[in-house]
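The 5-methyltetrahydropteroyltri-L-glutamate binding site annotation in Swiss-Prot covers ARG20, GLU21, LEU22, LYS23, LYS114, ARG517, CYS518, TRP563, GLU607 and is backed by sequence analysis. The feature L-homocysteine binding site is assigned by Swiss-Prot to ILE433, GLY434, SER435, GLU486, ASP601. Positions annotated as L-methionine binding site by Swiss-Prot: ILE433, GLY434, SER435, GLU486, ASP601. According to Swiss-Prot, the feature Zn(2+) binding site maps to HIS643, CYS645, GLU667, CYS728. Annotation comment: Swiss-Prot describes HIS696 as active site, proton donor.
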Amino acid sequence: MTPQAFTATVVGSPRIGPKRELKRATEGYWAGRTGRAELEKVAATLRRDTWAGLAAAGLDSVPVNTFSYYDQMLDTAVMLDALPERARQVSDDLDRYFAAARGNSDVAPLEMTKWFDTNYHYIVPEIAPTTKFALNPDKVLSELKEALAQGIPARPVVIGPITFLLLSKGVDGAGGPIERLEELVPIYAELLSLLADNGAQWVQLDEPALVTDMCADAPALAEAVYNKLGSAANRPAIYVATYFGDPGASLAGLARTPVEAIGVDLVYGPDTAVAAVPELAGKTVVAGVVDGRNVWRTDLAAALDKLTTLLGSAARVAVSTSCSTLHVPYSLEPETDLDDALRSWLAFGREKVAEVVTLARALRDGREAVADEIAASNAAVASRKSDPRLHNDRVRARIDSIVASGSHRGDPAQRRASQDARLHLPPLPTTTIGSYPQTSAIRKARAALRSGEIDQAEYERRMKKEIADVITLQEQLGLDVLVHGEPERNDMVQYFAEQLEGFFATQNGWVQSYGSRCVRPPILYGDVVRTHPMTVEWITYAQSLTDKPVKGMLTGPVTILAWSFVRDDQPLADTANQVALAIRDETVDLQAAGIAVIQVDEPALRELLPLRRADQEEYLRWAVGAFRLATSGVADSTQIHTHLCYSEFGEVIGAIADLDADVTSLEAARSHMEVLDDLNAVGFSNSVGPGVYDIHSPRVPSTAEIAESLRAALRAVPAERLWVNPDCGLKTRNPDEVSASLKNMVAAAHEVRAGV
């Protein structure tokens, strides 16, 4: 059967629901408030509505199997029967799935890390020597049948074998998972046959790992694997999707295989990639010309120029997003606070689908068929270029002056001596990362302020009560360096964005970060200006309640960029320095108010690292420079902390040392302190707090378990440089879990401290 050619599609779509319906349903299931049937009903409704919406918008090929209760890599591990043995102890299949993702009282979860250079996090499959791959196609077949029954032109989407293995982790003495590639090829061939038998005309195999340097042999592997899969006797047409960058030599390798279509990212990859591969002349090129991971409206005329150029290089050209629209909010429609100019510059998920359809129509019927849409696009481009909010000469001049004079602090040893004399901390000092649980009282107060039910003064009174409660709890637990708990912050980036000029905070711009965790990234559209102190009042109030040091809590410039939708009209380095200047001014004000410890979090340092090694040195240069610009305005006696998480740190370990923070806390519990060896390898000599327990799991770790982690850390870090802290902030945990876990953490620190 010859597959029906398609002209307009998207790589994938979000699954949380336009009103975060899936978040509420899964959290209700985890808490035992609802049953499996209700969760499955919500999921089925979301799938149905998503597919219907995409088809009604004009897509003639709709991705299915992009829905997930938690994560698509975890779904693929289930499909390949590759869950670890400890998760298999759970008898119910859905509970087993969630145990692998989140853990439970008996099962430690799988690791979680960043999905390439995005703010989405995936669950890292573990491949052991005993892992025996086998096909479990129930989910993908079920969703295909659902969609076809609905009359949807459905295209199942599955993570490809190369990407699955390169993003997995070998355990228990196993080598690199990619060594198992030959075992997966026949399983994928079996899957293709089943999909064809069940009515699939096309299948999409996602291979974003091909745009990275993760494997030097990737081009040859891609050609070998897809020669075999493309030669299968019974299969749908194969569309191999690459995204997030340039597939390089892998593109030519794929083009030499029998696959029918290849997707290329023409937003984050070069426009010339396709023209350089003559073998694509017989293929469908799925051209990712609409940005799937940022919120700016597409310049339709420029995109159409790219597409027109491609027509001479491929048998067919289909229009698509550059990647899944999972990374952007659902729609601009709920954003009623947007001014007309800013609204005209933006496109969220629904608007991006419309852009794809418009461009496909222009390719089919000519530019004159979409003349009105192109005119509106041109007007938006012109409006954005001329808006005075985009440039602030005073900010730019200040940055140039500080950078020219140098942004380095004093000698680390001298700083440590000065801080020791000021703080008088015990060996193995205990602290937490920053946030404490956002209670229902906090959420109700925030909602009441938004609705006008209470005024700002009453809101601040309630938040101060929450701060006082958190300070009291920490003192009762015996922590050494305290935090104020951040009750006034809905999000560690949005809180600052709402107070800085150059940002717009959305009302409903939710995107999935991991599992049920959703974030609302602000939009950074112009030059960044700090007009007033943002945290000083809250931190000094907390400090007034205790004699112990309370950390000032700030978000670093790179993380603010990584967790925002950032302007694309100037280099990221310039924007990072503008944010860094605002944070620098805040650190100076905190110090002037008597705060002795200031934490500038950079959990996203690894996230923005370019996927190709050739581009990484320049990024790390300006990222480190922005952090130092933000933190070099304070005295030696002020202790600067930073925190990093959610990442594999190996590729940025040298940069972590170059940040020159006095204390660096790191996510380390799930990876069993591996990061400490990496730090030692680059001569890291400042203090470090490797996370001693995993806060992303509801498990309460025992005192003995934490003490064991501390002793493991002491084998790599001397006691005078070791801090004791959880992996990450505690915002998403419930108060009982937090109290029990911290009680055990402090007890473990005292136990180990006694033996130092």
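Numbering starts at 1 and runs along the chain as it is shown here.
Note that Cβ sites are derived from N, Cα and C of the backbone, with glycine treated the same way.
Here the features listed in Swiss-Prot are placed on the structure.
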residue : record                                                : contacts (Cβ under 8 Å, 6+ apart)
ARG20   : 5-methyltetrahydropteroyltri-L-glutamate binding site : TRP510, CYS518
ILE433  : L-homocysteine binding site                           : VAL483, GLN599, ASP601, HIS643, SER665, ASN725, PRO726, ASP727, CYS728, GLY729, LEU730
GLY434  : L-homocysteine binding site                           : VAL483, GLY485, GLU486, MET492, LYS551, MET553, GLN599, ASP601, HIS643, GLY729
Query - Cα-Cα distance, maximum over ARG20, GLU21, LEU22, LYS23, LYS114, ARG517, CYS518, TRP563, GLU607, record's 5-methyltetrahydropteroyltri-L-glutamate binders, Å - result: 27
Query raised in the report: About how far apart, in whole Å, are the alpha carbons (Cα) of LEU22 (5-methyltetrahydropteroyltri-L-glutamate binding site) and GLU667 (Zn(2+) binding site)?
Result: 27
Query raised in the report: Sorted by position, what residues of the same chain at least six away from CYS645 (Zn(2+) binding site) have a C-beta under 8 A from it?
Result: PRO603, LEU666, GLU667, GLY691, ASP727, CYS728
Query raised in the report: Among LYS114, HIS643, HIS696, all listed as recorded positions, which has the most CB atoms within 10 Å of its CB?
Result: HIS643
**Report entry** Separation of alpha carbons, HIS696 (active site, proton donor) and GLU607 (5-methyltetrahydropteroyltri-L-glutamate binding site) (Å)
**Finding:** 19
Query raised in the report: What's the CA-CA gap between LYS114 (5-methyltetrahydropteroyltri-L-glutamate binding site) and HIS696 (active site, proton donor) in angstrom, rounded?
Result: 14
Query - Integer Cα-Cα distance in angstrom, the residue listed as 'active site, proton donor' to SER435 (L-homocysteine binding site) - result: 13
Query raised in the report: Around CYS518 (5-methyltetrahydropteroyltri-L-glutamate binding site), how many other C-beta atoms are within 10 angstroms of its C-beta?
Result: 17
Report summary line: Near L-homocysteine: residues not in ILE433, GLY434, SER435, GLU486, ASP601 with Cβ within 8 Å of the site Cβ centroid are THR432, VAL483, MET492, MET553, GLN599, HIS643, GLY729, LEU730, LYS731
Query - Other C-beta atoms that fall within 10 angstroms of the C-beta of GLU486 (L-homocysteine binding site) - result: 25
Requested in this report: Please list residues from the chain of SER435 (L-homocysteine binding site) whose Cβ is under 8 angstroms from its Cβ, counting only those at least six apart in sequence.
Outcome: VAL483, GLY485, GLU486, ARG489, MET492, GLY729, LEU730, LYS731
